[in-house]
Every structure is written in structure tokens, then in C-alpha cells.
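> Dropping a structure here in C-alpha cells format, bear with me for questions.
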Amino acid sequence: MPGPRRDRPAVLLLLGALLAADLYFHLWPRARRELRAGAPSCPCVLRRPPVPSAPQPPLRTRAASALRRLFAHPLYRSAPPGPAEPLLGAREALRYYRRKAARWNRRHKLYREELNLTSPSAPLLLRPEASWLQFHLGISRDGLYPRSSPAVTRLLRDMQEFTTISADYSQDEKALLGACDCSQIVKPSGVHLKLVLRFQDFGKAMFKPMRQKREEETPEDFFYFVDFQRHNAEIAAFHLDRILDFRRVPPTVGRMINVTKDILEVTKNEILQSVFFVSPASNVCFFAKCPYMCKTEYAVCGNPHLLEGSLSAFLPSLNLAPRLSIPNPWIRSYSFDGKEEWEVNPLYCNTVREIYPYSNGNRLLNIVDMAIFDFLIGNMDRHHYEMFTKFGDDGFLLHLDNARGFGRHSHDETSILAPLSQCCIIKRTTFLRLQLLAEPEYRLSDVMRESLLQDRLAPVLTEPHLLALDRRLQLILRAVSKCIDTYGEAKVVANDSTQPEAPASDRVKLTT
């Protein structure tokens with residue numbers, strides 16, 4: 001018996017060799033065929049590593065050409081006539097904001113003492129180079145910011161990255177709760193959820209959370225005054241406003257907010273603290289505490305803590321730069337069955353022209369600009385507009401509160417263009433830029449798509465909304481063409497500093 005035991009290793013080696021040969025002849029042909037075809041082979045065969053392809057430039061780099069070409073066009077390089085009159089004096093603004101920062105530090109210290117918080121807390125310092133302060137100092141009669149503004153670029157980045165140090169309701173919602181001095185309120189609202197967030201550099205932004213998914217359209221049976229407030233509409237409106245060279249929308253950016261860390265843990269408002277809850281899906285939620293929409297069904301929720309929204313930079317304090325809120329002459333009826341005069345009277349513009357300041361100057365031309373902007377985004381909710389009092393009656397109009405835009409890409413609400421179609425006037429610079437954006441090289445949807453790629457929440461708009469911009473732009477140009485055919489270009493297309501007048505008889509001819 002010892003003999004067979006000594007031969008056992010040799011037998012095992014022989015069996016192993018036979019098994020290896022069997023595997024080779026049966027498996028290698030199939031593996032070789034799969035390797036040649038590029039298909040995954042069996043686990044026993046190593047795959048050949050793929051040959052690395054040549055590096056491709058980032059999408060934003062490859063796609064930015066049209067946007068760069070647009071802003072390099074002479075229409076976007078022309079200098080305004082004369083030096084731009086600034087809204088604020090630098091010394092006065094710094095002195096005012098330093099007092100506000102000192103007051104905030106005192107209140108924050110008292111708040112921590114009331115809660116017996118002993119951990120060290122460094123006082124908040126106001127830095128003159130802060131991007132939000134430089135944005136305020138850059139506001140002029142020409143617009144909210146210059147065409148090429150490093151301060152706005154930094155501000156957009158800071159709003160995306162800076163830590164929040166406080167959160168509170170906006171002033172208009174406080175007014176509805178009777179919790180603030182309403183003399184500082186431009187126009188109360190409160191029917192939608194929005195919060196004021198303050199950052200580590202003492203800058204403030206208006207936060208509007210996501211309420212509707214991008215691919216969802218506003219139901220056609222919804223009235224405009226009960227439509228959703230869309231955070232992505234605020235972001236897209238800022239980009240469109242800059243592409244049109246209006247520069248009347250405050251810088252706005254998208255951000256993922258941690259509702260627990262960035263809001264609940266930093267707010268001192270007990271009412272705001274009380275509206276937070278955890279949903280059955282273990283998500284942290286909160287809702288608006290106001291006379292409307294105050295139910296948990298209308299809450300916004302994180303996932304479980306993160307919630308995307310828009311952040312719009314605050315304008316200068318009303319104490320520094322007072323603003324007027326003026327009813328839009330083409331205001332809509334905020335009722336289920338009523339109509340305003342402009343909706344039933346095709347000669348309504350004649351009446352408007354008889355009222356100062358629409359009887360002369362640029363105010364009516366600025367109203368037409370605003371109507372064009374609102375038509376492109378589909379916003380029917382422009383009941384008021386605001387202006388800085390310092391710039392007088394010919395100052396630019398602020399395009400604020402655009403969250404009800406971009407609701408329905410499948411519908412073009414041409415009634416928004418009533419100021420243009422009834423008055424038949426338009427600024428020459430506006431008309432030329434609209435014509436440029438209709439050219440294939442500068443197509444509006446293309447430059448908007450590129451511009452929105454700069455936002456961290458991209459894609460901000462769905463493709464149907466982008467294509468709707470091109471379609472609506474053609475409708476605007478068609479309306480201007482109709483006016484020119486009726487009155488002639490000299491009476492319709494106005495230099496930006498003058499307002500053309502069309503005879504009443506001509507206007508009757510157009511409307512009939």
C-alpha cells in the first residue's frame with residue numbers, strides 16, 4: 001500500500017493538467033470571439049483594457065461660443081450716453097451697513113445670552129469688498145449691474161457657497177402677521193412660501209423653494225393668480241433678462257439648501273421654528289405661516305434635508321434707496337369673471353397716453369419692454385412694477401417676482417403683449433436685439449440653454465420651454481412688423497430717449 005500513496009501527487013498533477021487543457025480548449029475560443037466582438041467574456045478570462053479616448057473639452061467650454069459671440073456683438077458693447085449715475089454713494093452706504101451689522105451683532109449676542117449659549121461666537125464683520133455690497137454700489141441709472149460685472153459673478157458664486165447665519169420670513173409676510181412696521185413694505189403678498197437668508201458676509205437673499213417639477217406644466221384650468229411659484233422660473237428670468245440686455249432682474253442662482261442646517265438651526269423666529277415637522281417619509285418639511293396656504297398639505301420637504309430653490313440677491317435697503325410700487329396700467333382682473341378696461345377696449349392706449357408720466361418720456365417704452373419680457377416667460381401676474389425714486393420718472397422698471405413664469409410651454413398668452421400691440425411703440429435697441437436673437441447664429445433658445453448651464457441646478461428649463469422662447473420671439477417680431485406696416489417705422493421704432501406718438505386716426509385704423 002505504500003507504493004500507491006507515493007504515486008498520489010503525480011496522479012493529482014496529471015489530473016490537474018488534463019482539467020486545465022479541457023478548460024482551455026472549451027472556453028478560450030468563445031472568450032476570444034467575445035473579446036473581438038467587444039462583449040463581456042466569462043469571469044475566468046481577463047478583459048483587455050479599453051484604449052483611452054482623446055480628452056474632450058467640458059460641455060460648457062464647447063457650448064459657450066454662441067453666448068460669447070452674442071455679448072461681443074456691437075449691440076452689447078455700446079456705451080450708454082454720458083456717465084452712469086450711481087444709485088448709492090459709497091460712503092453713505094458703508095456707514096449705513098456698518099450700523100446695521102453692529103445692531104445685528106448686539107441682537108445676536110442678546111439672543112445667545114437668553115439661551116445660555118456659552119460657546120464662543122465671533123462678531124459679524126462688514127467687509128467693503130463683499131460681493132453683495134459691490135453689487136449695490138454698481139447699480140446705476142443704466143441698470144442693476146454693468147454688462148460685464150465681476151461683482152455679479154462673485155455674488156452668484158457666494159450665494160451658492162456661503163454659510164447661512166440666519167433665516168426669517170420676508171417683510172411682506174411679517175406684515176400680514178402684524179409683526180413688523182408696514183411702512184417699509186413695498187407690496188404685501190404672502191400667498192407663497194419665501195424666506196430671507198443671511199450669509200456669513202452679511203449679504204441677504206430671497207429663498208424660494210421648489211414647488212413644482214420642471215417637466216410639469218401648469219394645468220390649463222388654473223387661473224394665473226393661483227398658479228404655482230416656480231423657483232426655476234426665477235433663475236431663468238435672470239438669465240433671460242441679462243440676454244435681452246435689460247439688466248432689471250436681481251442676480252439669481254439655484255442652490256441645494258439643507259432645511260435643517262441652513263434654516264431651522266439658524267432662525268430666531270419662533271413662528272418659523274414651529275412650522276417644521278417630519279413627514280411620514282422621514283423628510284424634514286415646513287410650510288408658510290400666513291393667512292393663506294397654511295396647511296401641511298402645502299408644505300415643502302427636503303430629501304430628507306436637502307431642498308433645491310432659488311436665491312435672489314436683495315436690493316439696497318429702502319432707507320438707502322427708496323422705491324415706488326406703481327400699479328401696472330395693464331393690470332389684470334384678479335377675479336374669476338371680471339375684465340379690465342384694456343381687455344375690452346382696443347383704444348385703451350389712448351387713455352393711458354393722456355396720463356402722466358405715460359404722456360411723455362420713456363415710461364411707456366419701459367412698460368413695453370416689461371410686456372415683451374413677461375410674454376417670453378409667460379408671466380401674467382405683473383400687477384405692479386417698482387422703480388428707484390432717485391432716477392425719477394424716466395428710471396428703469398424693476399422686473400421682480402418672476403416665479404409665475406415658465407408655467408406652460410404649450411401656450412402663448414398673446415394678451416400679455418397688449419402694451420405693444422395697442423400702443424405700437426418699441427425702443428430701437430430692444431427691437432434690434434430681438435431681431436438679432438432671431439438669427440440662427442444667436443438663436444434665443446441656444447444662448448439661453450448655454451447661459452443656464454452655468455447654474456448648479458441645470459437643467460433649469462426643459463427643452464420645450466426653451467423652444468417656446470423662439471416661437472414667442474417670432475410672435476413679438478410679427479406684432480412689431482404689423483405696427484410698422486400700419487404707421488411706418490419712424491413712428492413705431494423710437495430712440496430710447498424719445499417716445500413716438502401715433503395719430504389717433506392711425507390707431508383706430510390698426511385696431512379695426
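Cβ atoms are placed via backbone N, Cα and C, with glycine included.
Annotations in TrEMBL come from automatic prediction, not curation.
Pasting the feature list from TrEMBL:
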| type | residues | note |
| --- | --- | --- |
| ACT_SITE | ASP381 | active site |
| BINDING | LYS208, SER312, ALA313, PHE314, LEU315, GLU386, ASP401 | ATP binding site |
| BINDING | ASP401 | Mn(2+) binding site |
> Would you give the longest CA-CA distance, in whole angstrom, between residues of LYS208, SER312, ALA313, PHE314, LEU315, GLU386, ASP401, the set recorded as binding ATP?
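So the maximum pairwise Cα distance among the ATP binders is 20 Å.
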> Using C-alpha atoms, which one of the binding-site residues LYS208, ALA313, PHE314, LEU315 comes nearest to the residue listed as 'active site'?
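Result: the closest of the binding-site residues to the residue listed as 'active site' is LYS208.
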> Got a sec? Which of these recorded positions, ASP381, GLU386, ASP401, has the most Cβ atoms within 10 Å?
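Answer by Cβ density within 10 Å: ASP401.
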> Would you count the other C-beta atoms found within 10 angstroms of the C-beta of LYS208 (ATP binding site) for me?
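For LYS208 (ATP binding site), the count of other Cβ atoms within 10 Å is 26.
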> Pick from ALA313, LEU315: which of these binding-site residues has the biggest number of other Cβ atoms within 10 Å of its Cβ?
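The residue with the most neighbouring Cβ atoms within 10 Å is ALA313.
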> Sequence gap of 6 or more, Cβ distance under 8 Å: name the residues on the same chain that satisfy this around SER312 (ATP binding site), in order along the sequence.
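Spatial neighbours, sequence-distant, of SER312 (ATP binding site): ALA205, MET206, LYS208, GLU234, PHE238, PRO250, PRO251, THR252.
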> Does PHE314 (ATP binding site) have same-chain partners at least 6 apart in sequence with Cβ under 8 Å from its own Cβ, and which are they?
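Long-range Cβ contacts: TRP132, VAL196, GLY203, LYS204, ALA205, MET206, PRO250.
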